[in-house]
Amino acid sequence: MVAPLASWPWENLGMFKYLLYGPLLANGLYTLYEEGNIIHNWCLHILLISLLRVGIHVVWSSYSNMLFLTRNRRILQQGVDFKQIDMEWEWDNFLLLEALMTSMMVYLFPSLGNLPLWNTKGLIALLILHIVIAEPLFYFFHRLFHSNHYLFTHYHSLHHSSSVPQSFTAGNGTVLEHLAWSIVIGAPIVGTFLLGYGSTATIACYVLVFDFLRCLGLSNVEIVSHRLFDAIPVLRYLLYTPTYHTLHHTEKETNFCLFMPLFDAIGNTLHENSWKLHKQNSLNAGKNGRVPDFVFLAHVVDVTSSMHAPFVSRFFASRPFVTKLSLFPSWPVAFIVMLIMWGRSKIFLYSYYNLRNWLHQTWVVPRFGFQYFLPFAREGINKHIEDAILRADKLGVKVISLAALNKNEALNGGGTLFVEKHPNLRVRVVHGNTLTAAVILNEIPKDVKEVFLTGATSKLGRAIALYLCRRRVRVLMLTLSTERFEKIQKEAPADCQNYLVQVTKYQAARNCKTWIVGKWITPREQSWAPSGTHFHQFVVPPILAFRRDCTYGDLAAMRLPEDVQGLGNCEYTMSRGVVHACHAGGVVHHLEGWTHHEVGALDVDRIDLVWEAALKHGLKPVSTK
């Protein structure tokens, strides 16, 4: 049985819950039209304050997830996983609750709608009432929720189920809790009204500062310098820090205060290590954190997908990327950011997760897909990749795996350029294409006798063709270069060479139902495939799913082992927990402890070996058909 006031009354409405703001919007617009006065238009004020409160939480979340800025300031090092993100999905329920409660108060007491815009005495009164009412009231409620087993189990435990505090954790609670917190934030406001000092702007400022400080404490990023407290020791008791509040989330029986540790000191619930840990975290902010064991060096695909990042929206990033109309209003901003990145940005940390006590990070080359095909941009891109490899080598990273375009054959020979230039590298450079080939080959049904292959002269296409011909599968290789075709054919065993067939037109594959796409093909070129064809692909970006009578595979990918921890974002279009095969190939290389570089041409003889190693370590194939 669900405890009373534990679940939200609109929890089954989904996005339709926002229709509850409708009456406020309608009344506000009508009043604005009739009276033309926005100063006393409380409905619009409530909506505006709610939007600003959303903005505060979103900005704090973005900052917390900017790992390139906050990685050395993080208090709890584990990542925010999908479970916590889903749990906090409806974090803004409390904002809707408080907006509805406020509107009811205005309707019950119409004089509240006629407040002046500003009152300096009201600001002073709010500050005093916050200290003498809100702070002790919150401390009392909060400690009660922890000391009473029933209240904690049925109400407050939900808030503490978020293992890593985030700004959205503030809203991860039950109705009863937020009714109590509404009393806390509302008491000083009501008191100011009763004293006759109420004003619109001071109330808005109080609410927004209240939210700002809550998000500060829940940010999991220590930004308050210990030097401030060393200079003015009394401030320790007047302002809490992220470290202080994080201790409450890890210890649970201490540090109950709202914003002022003074009340924990009075109540004898102040954690004895609060100041020591804060100073330690503050000092560590200028030092490098834990060295990753494995790095996946990614790149941005296009302007639209650049918004699929945890520091833009962790909720959007926690689901596979799809192009949405709602993204296009933000496209100009993303485009400007792209130009800034082109001119100024360096390799940056994007995300991380833990696998069997190994730290795996994703670094990003600040370049977009189209830039890799600009001749004048290649040297700069290779410089970025080289810097990333040298940085990883200096730090002590064991393996660095190159994403799709970062290992482009025409760009750097599949990573060969860097290995030859720096022969003494300790970090292993891996293109991951051996596992990519293995994934594609193991998706092809065993009874297939003929395939059509585009991109056949690439290192990946070559390996796939040679492997299939050894299995006595007829490979129709689309290539205009007879010289390259003959070179690949000569690499096949003598008794298998006849299984490699050069074709120069798509029409030659009109009877073949298995297409392996390694070179982007247009809808017109797809039209030559017979009905029922399945398109396997290793081309970036993926081809357009044009044919409704055919099926399309995703890019080659594998699911990470089940014991992965702290993973909370999807890799481009991949499902949760699934990564591109080149990423997975680097993971396998690291887990196996292989000491060779995997660059340049693929060793066909290692395809099955790498596949078996991936399965042994718990990586799983992802069925795309």
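Cβ coordinates come from backbone N, Cα and C, glycine included.
According to TrEMBL, the feature domain 'Fatty acid hydroxylase' maps to 128-269.
The domain 'Very-long-chain aldehyde decarbonylase CER1-like C-terminal' feature in TrEMBL is assigned to 451-621.
Same-chain neighbours of the transmembrane segment (15-33): 41, 43-44, 46-47, 50, 93, 96, 99-100, 103, counting only residues six or more beyond its ends whose CB sits under 8 Å from a CB of the stretch. If you look up TrEMBL, you'll see 15-33 (among others) marked as transmembrane segment.
Under the heading transmembrane segment, TrEMBL lists 42-63 (among others).
The transmembrane segment feature in TrEMBL is assigned to 93-110 (among others). Packing against the transmembrane segment (93-110) from elsewhere in the chain are residues 8, 10-11, 17-18, 20-21, 23-24, 42-43, 46-47, 50, 53-54, 170-171, 173, 175, 178-179, 181-182, 185-186: each is 6 or more residues past its ends and has a CB under 8 Å from a CB in it.
Under the heading transmembrane segment, TrEMBL lists 122-141 (among others).
Listed as Cβ neighbours of the transmembrane segment (179-209) (distance under 8 Å, sequence separation of 6 or more from its ends, same chain) are residues 5, 39, 45, 49, 52-53, 56, 94, 97-98, 101, 112, 115-119, 121-123, 125-126, 129-130, 133-134, 137-138, 141, 145, 173, 258. What TrEMBL records for 179-209 (among others) is transmembrane segment.
Residues or ranges marked as transmembrane segment in TrEMBL: 321-342 (among others).
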How many of the residues that make up the domain 'Fatty acid hydroxylase' (128-269) does DSSP mark as helix, as strand and as coil?
102 helix, 1 strand, 39 coil
Intrachain residues whose Cβ lies under 8 Å of the transmembrane segment (321-342), provided they are six or more past its termini:
300, 303-308, 366-368, 371, 570, 572-573
